[in-house]
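So that you can see what the record holds, here are the features copied from TrEMBL:
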- 22-44: transmembrane segment (TRANSMEM)
- 37-286: domain 'G-protein coupled receptors family 1 profile' (DOMAIN)
- 56-77: transmembrane segment (TRANSMEM)
- 97-116: transmembrane segment (TRANSMEM)
- 136-154: transmembrane segment (TRANSMEM)
- 196-221: transmembrane segment (TRANSMEM)
- 233-256: transmembrane segment (TRANSMEM)
- 268-288: transmembrane segment (TRANSMEM)
């Protein structure tokens, strides 16, 4: 006697009114700051000819991605806080899940592309401009976006074929893979296996590229005779390396393991970190660690 459901209830943050009001204000401010920060970076990169370099081209792509990344989840959450109705239809849930996972997968590949760019700049400086052309930059960015959205399409297509029945409560503040799979009342072994395998591919392959790139970068920097040259080379990579550590530590914890895990509040806390606060931190990390961007922003 199973009845398929066509609507979910997002549990969100079930606390008192005062705590929910505080959470609402924090998320609202974080959302507005994230949009403003990333929009400023896109504007600065597009308008300043000094920043027409591959590194800033990819940074603009990352900022554009972060704007949509937070816009997939936070507006729905903020509206739910305000209206006190945290329901979402099945189709809307699958759409939110698809775009969130797509953007996350795209960021994985894009961070690997940025690591490859830094590898060429530090390890092959004389050949850098000949290799990293505008055409290659465009091709790598298209590869990042197409790869992320294609892999997510496969993952979500398997999940959407499952039958979901009561209870219809998702113990999360948005439709994420593990909380949704916990509501399936049919055999989900195939969907779980496909999702887990693709998660390993999209997370570990870019991570291996990043690790290899930074091993080569570190080796090259240590071989430099000048201390000033070592500092300059290292400074061009620290901001990206910081973002990589923050992003992959959270995503590996959440997605590089079997999906049907018991929902608990630690998952929500980790999700808040990489889905809400990381997109707000990334522009600050890049701006505070980048001399060129800081100088141009101070002039503006």
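Glycine is treated like the rest: Cβ placed from N, Cα and C.
In TrEMBL, annotation is done automatically, which means it is predicted and not curated.
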Averaged over the domain 'G-protein coupled receptors family 1 profile' (37-286), what pLDDT does the prediction give?
85
If you count every Cβ pair below 8 Å, which range out of 22-44, 56-77, 136-154, 233-256, 268-288 shares the most with the transmembrane segment (196-221)?
233-256
Who are the long-range neighbours of the transmembrane segment (268-288) in its own chain, taking Cβ under 8 Å and residues 6 or more past its ends?
13, 27, 30-31, 33-34, 37-38, 40-41, 59, 62-63, 66-67, 69-70, 73-74, 100, 171-174, 176, 239-240, 242-243, 246-247, 250-251, 253-254, 294, 297
In the same chain, residues at least 6 away from the ends of the transmembrane segment (22-44) whose Cβ sits under 8 Å of its Cβ atoms read 13, 15, 51, 59-60, 63-64, 66-67, 70-71, 74-75, 77-78, 81-82, 276-277, 279-280, 282-284, 286-287, 293, 296-297, 300
For the transmembrane segment (56-77), could you work out the same-chain residues 6 or more beyond its ends whose Cβ comes under 8 Å from its Cβ atoms?
10, 12, 27, 30-31, 34-35, 37-39, 41-42, 45-46, 88, 96, 99-100, 103-104, 106-107, 110-111, 113-114, 117, 137, 140-141, 144, 173-174, 275-276, 279-280, 282-283, 286
Under 8 Å between C-beta atoms and at least six residues away from its ends: which parts of the chain pack against the transmembrane segment (97-116)?
55, 58-59, 61-62, 65, 68-69, 72-73, 140-141, 143-145, 147-149, 151-153, 155-156, 159, 174-177, 180, 202-203, 205-207, 209-210, 213-214, 240, 243-244, 247-248, 251, 275
